[in-house]
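Undergrad: Sharing a structure with you now.
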Amino acid sequence: MAAGKLKHLCRLACCADVMRCCEFSPGVAKWAYLTCFGLTAIATWILRDYSSNGLSYISGLSSCKSEATTENQDRCYGKGAVLRLSFGNFLFFTVHFLALLGVTRKGDWRMWLHSGCWPLQLLGWAALLGMTFALPAHVFVVWAQIARVLSGFFLILQILILLEFVYILNEWLLDRVDQWWAKSGLVVLSIGCYVIVIGIVVVTYIFYAPHGSCSLNIFFITFTLILAVILTIFSVTKWRPEAAGLLTSGCMLAYMAYLLWSALTTEPAPSTCIRSLGTGANGIKVMGFVLAIAATLYATMNSSMASHTFSLSPDPESLAETNPDDSDRLPYRLDFFHLAYMLASAYLAMLFTGWSLNNVPGYFSVDDGWASVWVKMASQWMCALLYGWTLIAPLLLRNRQF
(Lines of atoms letter the chains of each structure in order from A and count residues from 1; the text may use other names and numbers.)
(Lines give C-alpha, C1' and ligand atoms only; values in the text may rest on other atoms or scores of the structure.)
Protein backbone atom coordinates (compact mmCIF):
# COMPACT_ATOMS: atom_id res chain seq x y z
CA MET A 1 0.00 0.00 0.00
CA ALA A 2 2.76 2.43 0.95
CA ALA A 3 4.66 1.62 -2.23
CA GLY A 4 1.54 2.28 -4.31
CA LYS A 5 1.00 5.65 -2.65
CA LEU A 6 4.62 6.62 -3.25
CA LYS A 7 4.33 5.67 -6.90
CA HIS A 8 1.11 7.69 -7.17
CA LEU A 9 2.83 10.69 -5.57
CA CYS A 10 5.60 10.42 -8.12
CA ARG A 11 3.11 10.42 -10.97
CA LEU A 12 1.31 13.44 -9.58
CA ALA A 13 4.62 15.29 -9.43
CA CYS A 14 5.09 14.77 -13.14
CA CYS A 15 1.56 15.90 -14.06
CA ALA A 16 -0.54 14.07 -16.59
CA ASP A 17 0.35 16.20 -19.63
CA VAL A 18 4.12 15.86 -19.20
CA MET A 19 4.16 12.27 -18.01
CA ARG A 20 6.17 11.04 -20.92
CA CYS A 21 8.89 13.53 -20.13
CA CYS A 22 9.21 12.02 -16.66
CA GLU A 23 9.41 8.35 -17.64
CA PHE A 24 12.20 7.02 -19.83
CA SER A 25 12.86 3.67 -21.43
CA PRO A 26 15.66 1.66 -19.77
CA GLY A 27 17.98 2.61 -22.63
CA VAL A 28 17.33 6.34 -22.29
CA ALA A 29 17.53 6.12 -18.50
CA LYS A 30 21.13 4.88 -18.82
CA TRP A 31 22.04 8.10 -20.61
CA ALA A 32 20.20 10.20 -18.03
CA TYR A 33 22.14 8.64 -15.17
CA LEU A 34 25.38 9.01 -17.11
CA THR A 35 24.72 12.71 -17.73
CA CYS A 36 23.90 13.43 -14.10
CA PHE A 37 26.89 11.44 -12.87
CA GLY A 38 29.14 13.28 -15.33
CA LEU A 39 27.83 16.62 -14.06
CA THR A 40 28.62 15.64 -10.47
CA ALA A 41 32.15 14.69 -11.59
CA ILE A 42 32.57 18.15 -13.13
CA ALA A 43 31.15 19.75 -9.98
CA THR A 44 33.63 17.74 -7.91
CA TRP A 45 36.53 19.03 -9.99
CA ILE A 46 35.31 22.66 -9.74
CA LEU A 47 34.79 22.49 -5.97
CA ARG A 48 38.19 20.86 -5.49
CA ASP A 49 40.20 23.32 -7.56
CA TYR A 50 38.32 26.62 -7.51
CA SER A 51 35.98 26.87 -4.52
CA SER A 52 38.13 26.98 -1.40
CA ASN A 53 36.85 30.45 -0.43
CA GLY A 54 33.24 29.34 -0.42
CA LEU A 55 34.00 26.02 1.27
CA SER A 56 35.72 27.80 4.15
CA TYR A 57 32.28 28.83 5.49
CA ILE A 58 31.07 25.23 5.86
CA SER A 59 31.23 24.11 9.49
CA GLY A 60 32.05 20.51 8.57
CA LEU A 61 35.28 21.72 6.96
CA SER A 62 36.32 24.03 9.80
CA SER A 63 39.22 21.74 10.74
CA CYS A 64 40.96 22.80 7.52
CA LYS A 65 41.62 26.22 9.04
CA SER A 66 44.23 24.66 11.30
CA GLU A 67 46.47 23.82 8.33
CA ALA A 68 49.78 25.70 8.42
CA THR A 69 49.70 27.25 4.94
CA THR A 70 47.04 28.64 2.65
CA GLU A 71 47.91 26.05 0.03
CA ASN A 72 47.36 23.20 2.50
CA GLN A 73 44.08 24.76 3.60
CA ASP A 74 42.87 24.94 0.01
CA ARG A 75 43.78 21.30 -0.56
CA CYS A 76 42.04 20.29 2.65
CA TYR A 77 38.86 22.05 1.53
CA GLY A 78 39.15 20.39 -1.86
CA LYS A 79 39.58 16.93 -0.35
CA GLY A 80 36.58 17.51 1.92
CA ALA A 81 34.39 18.50 -1.03
CA VAL A 82 35.51 15.49 -3.08
CA LEU A 83 34.74 13.02 -0.30
CA ARG A 84 31.35 14.59 0.40
CA LEU A 85 30.14 14.62 -3.19
CA SER A 86 31.34 11.08 -3.80
CA PHE A 87 29.58 9.93 -0.64
CA GLY A 88 26.35 11.65 -1.73
CA ASN A 89 26.52 9.86 -5.08
CA PHE A 90 27.25 6.59 -3.32
CA LEU A 91 24.19 6.94 -1.08
CA PHE A 92 21.94 7.77 -4.05
CA PHE A 93 22.98 4.71 -6.04
CA THR A 94 22.97 2.48 -2.95
CA VAL A 95 19.29 3.29 -2.40
CA HIS A 96 18.58 2.37 -6.02
CA PHE A 97 20.65 -0.81 -5.82
CA LEU A 98 18.81 -2.06 -2.73
CA ALA A 99 15.38 -1.06 -4.05
CA LEU A 100 15.94 -2.71 -7.45
CA LEU A 101 17.48 -6.00 -6.30
CA GLY A 102 16.12 -8.82 -8.44
CA VAL A 103 14.18 -6.64 -10.89
CA THR A 104 14.31 -8.41 -14.27
CA ARG A 105 11.02 -7.49 -15.97
CA LYS A 106 9.58 -4.26 -17.32
CA GLY A 107 6.30 -4.94 -15.55
CA ASP A 108 7.84 -4.88 -12.08
CA TRP A 109 6.31 -2.01 -10.10
CA ARG A 110 9.80 -0.96 -8.92
CA MET A 111 10.78 0.00 -12.48
CA TRP A 112 9.53 3.52 -11.87
CA LEU A 113 12.36 4.11 -9.41
CA HIS A 114 14.90 3.51 -12.19
CA SER A 115 13.33 5.04 -15.27
CA GLY A 116 10.60 7.34 -13.98
CA CYS A 117 9.82 10.05 -11.46
CA TRP A 118 12.79 12.16 -12.55
CA PRO A 119 11.75 15.44 -10.88
CA LEU A 120 11.69 13.73 -7.49
CA GLN A 121 14.80 11.71 -8.30
CA LEU A 122 16.83 14.80 -9.15
CA LEU A 123 15.50 16.58 -6.07
CA GLY A 124 16.48 13.65 -3.87
CA TRP A 125 19.89 13.39 -5.53
CA ALA A 126 20.59 17.09 -4.93
CA ALA A 127 19.37 16.78 -1.33
CA LEU A 128 21.75 13.88 -0.63
CA LEU A 129 24.69 15.78 -2.13
CA GLY A 130 23.87 18.85 -0.05
CA MET A 131 23.25 16.85 3.12
CA THR A 132 26.78 15.44 3.09
CA PHE A 133 28.21 18.92 3.71
CA ALA A 134 26.40 19.00 7.05
CA LEU A 135 28.00 15.77 8.26
CA PRO A 136 31.02 15.88 10.61
CA ALA A 137 34.52 15.29 9.26
CA HIS A 138 35.08 11.95 11.04
CA VAL A 139 32.37 10.36 8.88
CA PHE A 140 34.52 10.93 5.82
CA VAL A 141 37.63 9.49 7.44
CA VAL A 142 35.73 6.19 7.49
CA TRP A 143 34.24 6.75 4.04
CA ALA A 144 37.67 7.40 2.53
CA GLN A 145 38.91 3.98 3.65
CA ILE A 146 35.76 2.26 2.38
CA ALA A 147 36.10 4.09 -0.94
CA ARG A 148 39.65 2.80 -1.31
CA VAL A 149 38.46 -0.81 -1.14
CA LEU A 150 35.45 -0.30 -3.40
CA SER A 151 37.60 1.51 -5.97
CA GLY A 152 39.68 -1.62 -6.41
CA PHE A 153 36.56 -3.52 -7.42
CA PHE A 154 35.67 -0.76 -9.87
CA LEU A 155 39.08 -1.03 -11.54
CA ILE A 156 38.51 -4.77 -11.99
CA LEU A 157 35.07 -4.04 -13.42
CA GLN A 158 36.66 -1.59 -15.86
CA ILE A 159 39.02 -4.28 -17.10
CA LEU A 160 36.23 -6.84 -17.48
CA ILE A 161 34.13 -4.39 -19.50
CA LEU A 162 37.08 -3.67 -21.78
CA LEU A 163 37.77 -7.40 -22.18
CA GLU A 164 34.20 -8.12 -23.18
CA PHE A 165 34.13 -5.21 -25.63
CA VAL A 166 37.39 -6.31 -27.27
CA TYR A 167 36.22 -9.89 -27.73
CA ILE A 168 32.85 -8.76 -29.09
CA LEU A 169 34.56 -6.43 -31.57
CA ASN A 170 36.97 -9.15 -32.70
CA GLU A 171 34.21 -11.74 -33.18
CA TRP A 172 32.06 -9.21 -35.04
CA LEU A 173 34.86 -8.48 -37.50
CA LEU A 174 35.78 -12.17 -37.87
CA ASP A 175 32.18 -13.03 -38.77
CA ARG A 176 32.45 -10.56 -41.67
CA VAL A 177 36.06 -11.26 -42.62
CA ASP A 178 35.03 -12.22 -46.17
CA GLN A 179 34.21 -8.53 -46.72
CA TRP A 180 37.14 -6.24 -47.51
CA TRP A 181 36.28 -3.59 -44.94
CA ALA A 182 36.17 -6.11 -42.08
CA LYS A 183 39.46 -7.68 -43.10
CA SER A 184 41.04 -4.23 -43.48
CA GLY A 185 39.62 -3.19 -40.13
CA LEU A 186 41.20 -6.18 -38.39
CA VAL A 187 44.59 -5.44 -39.92
CA VAL A 188 44.53 -1.67 -39.40
CA LEU A 189 43.27 -1.84 -35.81
CA SER A 190 45.75 -4.56 -34.87
CA ILE A 191 48.70 -2.68 -36.37
CA GLY A 192 47.51 0.59 -34.85
CA CYS A 193 47.32 -0.91 -31.35
CA TYR A 194 50.83 -2.34 -31.58
CA VAL A 195 52.18 0.96 -32.90
CA ILE A 196 50.69 2.65 -29.83
CA VAL A 197 52.29 0.07 -27.53
CA ILE A 198 55.73 0.39 -29.13
CA GLY A 199 55.47 4.19 -29.18
CA ILE A 200 54.58 4.40 -25.48
CA VAL A 201 57.36 2.00 -24.50
CA VAL A 202 59.95 4.00 -26.46
CA VAL A 203 58.75 7.37 -25.14
CA THR A 204 58.65 6.16 -21.53
CA TYR A 205 62.19 4.78 -21.81
CA ILE A 206 63.36 8.18 -23.09
CA PHE A 207 61.51 10.45 -20.65
CA TYR A 208 61.10 8.29 -17.53
CA ALA A 209 64.24 6.12 -17.56
CA PRO A 210 66.96 8.53 -18.73
CA HIS A 211 69.72 6.78 -16.76
CA GLY A 212 70.45 3.44 -15.11
CA SER A 213 69.67 4.58 -11.57
CA CYS A 214 65.95 4.79 -12.43
CA SER A 215 65.59 1.11 -11.59
CA LEU A 216 61.91 1.19 -10.63
CA ASN A 217 60.82 2.92 -13.83
CA ILE A 218 63.03 0.62 -15.90
CA PHE A 219 61.38 -2.36 -14.20
CA PHE A 220 57.87 -1.03 -14.90
CA ILE A 221 58.63 -0.42 -18.59
CA THR A 222 60.61 -3.61 -19.18
CA PHE A 223 58.08 -5.81 -17.41
CA THR A 224 55.32 -4.27 -19.52
CA LEU A 225 57.32 -5.15 -22.63
CA ILE A 226 57.83 -8.72 -21.41
CA LEU A 227 54.10 -9.13 -20.75
CA ALA A 228 53.35 -7.78 -24.22
CA VAL A 229 55.64 -10.33 -25.86
CA ILE A 230 54.23 -13.26 -23.85
CA LEU A 231 50.57 -12.37 -24.48
CA THR A 232 51.21 -11.71 -28.17
CA ILE A 233 52.95 -15.05 -28.69
CA PHE A 234 50.18 -16.95 -26.93
CA SER A 235 47.47 -15.15 -28.91
CA VAL A 236 48.81 -16.55 -32.21
CA THR A 237 49.44 -20.15 -31.10
CA LYS A 238 47.15 -23.02 -32.05
CA TRP A 239 46.01 -23.33 -28.41
CA ARG A 240 44.41 -19.91 -28.32
CA PRO A 241 40.60 -19.53 -28.26
CA GLU A 242 38.99 -18.89 -31.65
CA ALA A 243 37.75 -15.50 -30.45
CA ALA A 244 41.27 -14.32 -29.56
CA GLY A 245 43.92 -12.98 -31.88
CA LEU A 246 46.24 -10.09 -32.57
CA LEU A 247 43.40 -7.57 -32.34
CA THR A 248 42.35 -8.66 -28.85
CA SER A 249 45.97 -8.72 -27.70
CA GLY A 250 46.71 -5.39 -29.36
CA CYS A 251 43.76 -3.66 -27.69
CA MET A 252 44.54 -5.05 -24.24
CA LEU A 253 48.25 -4.26 -24.60
CA ALA A 254 47.42 -0.71 -25.69
CA TYR A 255 45.38 -0.31 -22.51
CA MET A 256 48.23 -1.77 -20.45
CA ALA A 257 50.66 0.63 -22.13
CA TYR A 258 48.30 3.50 -21.29
CA LEU A 259 48.30 2.41 -17.64
CA LEU A 260 52.11 2.38 -17.72
CA TRP A 261 52.26 5.87 -19.18
CA SER A 262 49.62 7.11 -16.74
CA ALA A 263 51.49 5.64 -13.77
CA LEU A 264 54.82 7.18 -14.76
CA THR A 265 53.30 10.61 -15.38
CA THR A 266 51.82 10.64 -11.88
CA GLU A 267 55.13 10.08 -10.09
CA PRO A 268 55.80 12.98 -7.71
CA ALA A 269 57.99 15.75 -9.10
CA PRO A 270 60.75 16.82 -8.98
CA SER A 271 62.54 13.60 -9.80
CA THR A 272 65.80 12.86 -11.57
CA CYS A 273 63.98 10.06 -13.40
CA ILE A 274 61.50 12.41 -15.06
CA ARG A 275 62.97 14.28 -17.99
CA SER A 276 61.38 17.70 -18.45
CA LEU A 277 58.61 17.82 -21.03
CA GLY A 278 58.71 21.61 -21.24
CA THR A 279 55.48 23.37 -22.16
CA GLY A 280 53.95 20.05 -23.17
CA ALA A 281 53.69 18.94 -19.54
CA ASN A 282 50.51 20.94 -18.94
CA GLY A 283 48.93 19.53 -22.07
CA ILE A 284 49.72 15.98 -20.95
CA LYS A 285 48.25 16.74 -17.53
CA VAL A 286 44.99 18.03 -19.05
CA MET A 287 44.82 15.08 -21.46
CA GLY A 288 45.34 12.64 -18.59
CA PHE A 289 42.60 14.40 -16.62
CA VAL A 290 40.12 14.13 -19.50
CA LEU A 291 41.02 10.50 -20.25
CA ALA A 292 40.60 9.48 -16.61
CA ILE A 293 37.12 11.00 -16.39
CA ALA A 294 36.14 9.64 -19.81
CA ALA A 295 37.27 6.12 -18.87
CA THR A 296 35.19 6.26 -15.69
CA LEU A 297 32.08 7.42 -17.56
CA TYR A 298 32.59 4.79 -20.27
CA ALA A 299 32.86 2.00 -17.71
CA THR A 300 29.71 3.06 -15.88
CA MET A 301 27.76 3.52 -19.12
CA ASN A 302 28.71 0.06 -20.33
CA SER A 303 28.41 -1.71 -17.00
CA SER A 304 25.23 -3.37 -18.25
CA MET A 305 27.34 -5.13 -20.93
CA ALA A 306 29.11 -7.10 -18.24
CA SER A 307 26.08 -7.74 -16.03
CA HIS A 308 25.39 -11.21 -17.46
CA THR A 309 29.05 -12.11 -16.88
CA PHE A 310 28.35 -12.14 -13.14
CA SER A 311 24.91 -13.70 -13.47
CA LEU A 312 24.08 -17.39 -13.23
CA SER A 313 21.07 -16.87 -15.50
CA PRO A 314 21.17 -16.51 -19.29
CA ASP A 315 21.75 -13.16 -20.96
CA PRO A 316 18.39 -11.29 -20.84
CA GLU A 317 18.67 -10.06 -24.43
CA SER A 318 19.38 -13.49 -25.89
CA LEU A 319 16.73 -15.05 -23.69
CA ALA A 320 14.12 -12.61 -24.97
CA GLU A 321 15.05 -13.41 -28.55
CA THR A 322 14.80 -17.18 -28.12
CA ASN A 323 11.71 -17.20 -25.93
CA PRO A 324 8.87 -14.83 -26.88
CA ASP A 325 7.33 -15.26 -23.42
CA ASP A 326 10.37 -13.52 -21.98
CA SER A 327 10.08 -10.41 -24.16
CA ASP A 328 9.11 -8.50 -21.03
CA ARG A 329 12.61 -9.01 -19.64
CA LEU A 330 14.80 -5.95 -19.21
CA PRO A 331 17.84 -5.60 -21.51
CA TYR A 332 20.17 -5.32 -18.49
CA ARG A 333 20.22 -5.91 -14.76
CA LEU A 334 19.11 -2.75 -12.97
CA ASP A 335 20.68 -3.73 -9.65
CA PHE A 336 24.05 -4.43 -11.29
CA PHE A 337 23.82 -1.13 -13.18
CA HIS A 338 23.44 0.85 -9.96
CA LEU A 339 26.08 -1.28 -8.24
CA ALA A 340 28.53 -0.16 -10.94
CA TYR A 341 27.66 3.48 -10.21
CA MET A 342 28.15 2.85 -6.49
CA LEU A 343 31.67 1.63 -7.20
CA ALA A 344 32.27 4.50 -9.64
CA SER A 345 31.25 6.99 -6.95
CA ALA A 346 33.89 5.57 -4.63
CA TYR A 347 36.44 5.55 -7.45
CA LEU A 348 35.85 9.26 -8.16
CA ALA A 349 36.89 9.99 -4.58
CA MET A 350 40.21 8.22 -5.14
CA LEU A 351 40.62 9.72 -8.60
CA PHE A 352 40.41 13.27 -7.30
CA THR A 353 42.40 12.71 -4.10
CA GLY A 354 45.26 10.59 -5.45
CA TRP A 355 44.46 7.49 -3.32
CA SER A 356 46.85 8.43 -0.51
CA LEU A 357 44.37 10.95 0.99
CA ASN A 358 47.24 12.77 2.69
CA ASN A 359 47.31 15.40 -0.01
CA VAL A 360 45.20 16.44 -2.96
CA PRO A 361 46.58 16.81 -6.51
CA GLY A 362 46.89 20.26 -8.03
CA TYR A 363 44.87 21.84 -10.79
CA PHE A 364 43.81 19.51 -13.62
CA SER A 365 45.51 16.65 -11.81
CA VAL A 366 44.06 13.28 -10.91
CA ASP A 367 45.73 10.24 -9.41
CA ASP A 368 49.01 12.01 -8.58
CA GLY A 369 51.43 10.47 -6.07
CA TRP A 370 53.16 7.17 -5.34
CA ALA A 371 49.96 5.53 -4.15
CA SER A 372 48.43 6.22 -7.56
CA VAL A 373 51.52 4.87 -9.32
CA TRP A 374 51.27 1.53 -7.56
CA VAL A 375 47.50 1.31 -8.00
CA LYS A 376 47.85 1.82 -11.75
CA MET A 377 50.66 -0.69 -12.11
CA ALA A 378 48.69 -3.20 -10.04
CA SER A 379 45.75 -2.58 -12.39
CA GLN A 380 48.02 -3.27 -15.34
CA TRP A 381 49.18 -6.57 -13.87
CA MET A 382 45.59 -7.52 -13.07
CA CYS A 383 44.66 -6.69 -16.67
CA ALA A 384 47.43 -8.98 -17.95
CA LEU A 385 46.34 -11.72 -15.56
CA LEU A 386 42.67 -11.57 -16.55
CA TYR A 387 43.41 -11.42 -20.28
CA GLY A 388 45.94 -14.22 -19.94
CA TRP A 389 43.32 -16.30 -18.15
CA THR A 390 40.88 -15.85 -21.04
CA LEU A 391 43.60 -17.24 -23.33
CA ILE A 392 44.46 -20.33 -21.29
CA ALA A 393 41.15 -21.11 -19.55
CA PRO A 394 39.65 -22.98 -22.56
CA LEU A 395 42.82 -25.08 -22.73
CA LEU A 396 42.82 -25.95 -19.02
CA LEU A 397 39.07 -26.35 -18.56
CA ARG A 398 38.06 -28.30 -21.63
CA ASN A 399 34.67 -29.32 -20.25
CA ARG A 400 33.59 -25.72 -19.69
CA GLN A 401 32.03 -23.49 -22.33
CA PHE A 402 33.48 -19.98 -22.69
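Glycine too: its Cβ is placed from the backbone N, Cα and C atoms.
Feature table excerpt (TrEMBL):
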- 28-47: transmembrane segment (TRANSMEM)
- 81-101: transmembrane segment (TRANSMEM)
- 122-146: transmembrane segment (TRANSMEM)
- 152-174: transmembrane segment (TRANSMEM)
- 186-209: transmembrane segment (TRANSMEM)
- 215-236: transmembrane segment (TRANSMEM)
- 243-264: transmembrane segment (TRANSMEM)
- 284-301: transmembrane segment (TRANSMEM)
- 336-357: transmembrane segment (TRANSMEM)
- 377-397: transmembrane segment (TRANSMEM)
Undergrad: Per the definition of 3+ C-beta pairs under 8 A with sequence separation of 6 or more, do the transmembrane segment (243-264) and the transmembrane segment (28-47) touch?
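TA: In this chain the transmembrane segment (243-264) does not contact the transmembrane segment (28-47) - fewer than 3 Cβ pairs sit under 8 Å.
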Undergrad: Six or more residues beyond either end and a Cβ under 8 Å away: which residues meet both conditions relative to the transmembrane segment (28-47)?
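TA: Here the qualifying positions are 55, 78, 81-82, 85-86, 88-89, 114-115, 118, 122, 125, 129, 293, 296-297, 300-301, 304, 332, 337, 341, 344, 348, 352.
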Undergrad: Considering pairs 6 or more residues apart, do the transmembrane segment (336-357) and the transmembrane segment (122-146) have at least three CB pairs under 8 Å?
TA: yes
Undergrad: By a Cβ-Cβ criterion of under 8 Å, what residues six or more beyond either terminus of the transmembrane segment (186-209) are in contact with it?
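TA: 170, 173-174, 177, 217-218, 221, 224-225, 228, 245-247, 250-251, 253-254, 256-258, 260-261, 264, 267, 273-275, 277.
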Undergrad: Do any residues of this chain, six or more beyond the ends of the transmembrane segment (152-174), have a C-beta under 8 angstroms from a C-beta of it, and if so which?
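TA: For the transmembrane segment (152-174), the far contacts come to 182, 185-186, 243-245, 247-248, 251-252, 255, 295, 298-299, 302-303, 305-306, 309, 340, 343-344, 346-347, 375, 379, 382-383, 386-387, 390.
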Undergrad: Near the transmembrane segment (377-397), which same-chain residues lie under 8 Å Cβ to Cβ, leaving out any that are not at least 6 residues past its ends?
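TA: Apart from its flanks, the transmembrane segment (377-397) reaches 155-156, 159-160, 162-163, 167, 220, 224, 227, 230-231, 234-235, 239-241, 244, 248-249, 252, 255-256, 259-260, 263.
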